[in-house]
Each structure stands twice: as structure tokens, then as C-alpha cells.
Amino acid sequence: MNKGIVLLAAGGTGGHVFPAEALAHTLKARGYQVHLVTDSRAERYAGKFPADEIHVVPSATIGSKNPISVVRSLWKLWVGLRTARRLVTKLKPVAVVGFGGYPTVPPLLASTGLGVPSIIHEQNAVMGRANKALAARVKAIAGGFLPPANGQYSEKTVATGNPVRPAVLAASEIPYTPSQTGETFQLVVFGGSQGAQFFSSAVPAAICLMKDEQRKRIVVTQQARPEDKDSVIASYQKLGVKADVSPFFGDMASRIGEADLVISRSGASTVSELSVIGRPSILVPYPHALDHDQAANAAALSAAGGASVIKQAELSPQKLSSLLSSALAEPDRLSATAAAAKATGKPHAADVLADLVEAIAEGRSVQEFKKKNEGVGA
């Protein structure tokens, strides 16, 4: 049974695409066709995204103070809006869901302008610029870490959690069994979907300072930018540490599932996946994130005892080496941290968000949805 088309719009980074992918799987299972609007950056994820069709619509962010750049961006947005209006008119979706990032602006402006029931999903604890620009126009706002008491938009905000992909749910079934003294210790290091330059130097430097008997236990999976990959590999080879280093791992969820400890940034999708899988982590919020959203994302997990959060400026090689040495020596503490992380997870977020999408598509209000689903997003 074909229930119609749901159009998903997401910026082309993992933080936006992954929750959209999770919702797409759920909607497809319920009988909907799913189309994705994104930008060219999303090509690396396209193979696993269960879309009936993927559309690239022109868009741009207006961040420059250069008048010529601003004019170019405005023109690109105008072209994108016209393209998106034609697409929405042609597809006639029953609902449109935006997941943030500037590529979502044209399709959401088009859908709301044409009267199509529309929702935005904000993954972070602090709303991003694209979603802020669209918040007043949409029927509902779904939040990952966004508080339900969302200021002027509290009435239409639902705390759904961040949808996680089937691969993450599969990894969550792997029980956490911490490495014991003398056993191999699996360390997974990544900086979100695009890697992190800081970790490329900081982690090898920290491992270098560890005692030989501890260093010999460590096996590293590390995401590194293409330009950093060779130097990171060389650093680990010099230390005699086994390491798998790559700019992108298509099976990162299963690698997290096999990890004893994770070191990462604290983007919303990362924190959500760590909590659903239930793995101890050292989170280092990206210091230049707009509105410091990564620090806010990590706060709840840290408060629950599910992660250690360290500012990048305070994380010297000596500090990180000490943290790693303690982790290798205290498997019981790692087990407790893993359990605390898992207790905060929301593995059913995709189902809750899909329920909200169906409610809005059927013309029901957010208040009706909250009343019917008492305790959800209240």
C-alpha cells in the first residue's frame, strides 16, 4: 500500500543525513515513498539511504560580509527556491521534514509556501541557523536534545529524540564487555562524519606517553581527514600500535559496538548513537561550533555519568594519556559508564518522529499528538 510521498530535506553532513536516513527506513516500512533533497556532499551516504529518489537543489549560506558573495548566495537561494517549488508541486508530498543545514531552506520555504504540512527536526540542544529561519513557518518542531520548553515555540515542540539508523540499533545489541588486564583494548576515535584534525595529533601523542605494557594492548580505529591520514598512520607505526585509519568508515556503528572506549566530538548524532549503543566515551566538543551546541549536547550524557567531557583547550597529551591509562586499568568503571550512557538512549526515536509526521500529514495538531502520546515531548 502506497501512503504517498514524504519529502526529507537534509544538509549533506552525517549529522543531518543520519537521522533522516533512520526516519526514511521507518517511513518506508510503514508504506510511504521517501524522497531526499540534499546537496552534493551527501553522495558518500547515498548508497545506504533508502530513498526512492534523491534530488539536489541549489542552496547557499549567507555568512560572508563581501557584498558580491552575498549577492551570489541570494541568487543561488532564489534559484533553489524556484527549483524546490517545482519539485514540491510535481511530487505532491503528504509531508515535508527538514533536518537542518542550509540545503533545507529552499524545500521548506517551498513546502510551507504551498501549504504542505511541514516539520523541522533539530538534532542539537541549540537550534541551528537554518532551523531558526524556518521555525515560525512549520507545523511542528521535533527535538533531539532541544528542550520541550522551547521558548516561543514550546507549543509545537516535541522531544522525539534523535532517530538512529538500523546499523546503530544492531550495534546496540552487542553487550559491553570491557577489556581486562592484558587483553586487547579497542579504542575508536572520530570527529563526526568529517574527521577531526585535533585528534590526528593529540591521540598518537597521548599514546606515546603511556607505559609500554599499556600501549601494546591498544588497537586503534581512527577517522582522519584525507590530508592527515598518512601522518597519522606513520605515527602509529612508529609507536608499534595497530591502527586502522581512514577518512570515512561505512561501518562505524559496528566499530563503536566493538569499542572499549570512544574518543570523539559531541555532535548530536554522535552523542545519540553512543547513548543508544551504550559505550563509554571521552567527548571533546568542537570549540568553534556555532552557539556551542556540541557542549550542550554532551552535557546531559555527562550529567548521567555516561561520558567524560573535556574542553579541547584543556586536553593536553599528558591529560589524555592519563585518562587512557585510567581507562585501561579500570574496566569496572568503564562498564558503569557504558550502562549509564545506555540508560539515556532513545532507540525508538525514529518511530516517535514517524508518528509525528503521520499526525501532521493527517491534519492533527501538535497538541492532539501530545495528548494522544502522553509523556512524549511534554
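Note that Cβ sites are derived from N, Cα and C of the backbone, with glycine treated the same way.
Some features that Swiss-Prot has for this protein:
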- Thr13, Gly14, Gly15, Asn124, Arg165, Ser193, Gln294: UDP-N-acetyl-alpha-D-glucosamine binding site (BINDING)
Local Cβ density at Gly15 (UDP-N-acetyl-alpha-D-glucosamine binding site) - other Cβ atoms counted within 10 Å: 24
Among Thr13, Gln294, the one of these binding-site residues whose Cβ has the fewest neighbouring Cβ atoms within 10 Å: Thr13
Other CB atoms, at most 10 A from the CB of Gly14 (UDP-N-acetyl-alpha-D-glucosamine binding site): 22
Residues satisfying Cβ distance under 8 Å from Arg165 (UDP-N-acetyl-alpha-D-glucosamine binding site), sequence separation of at least 6: Phe18, Glu21, Ala22, His25, Lys48, Ala253
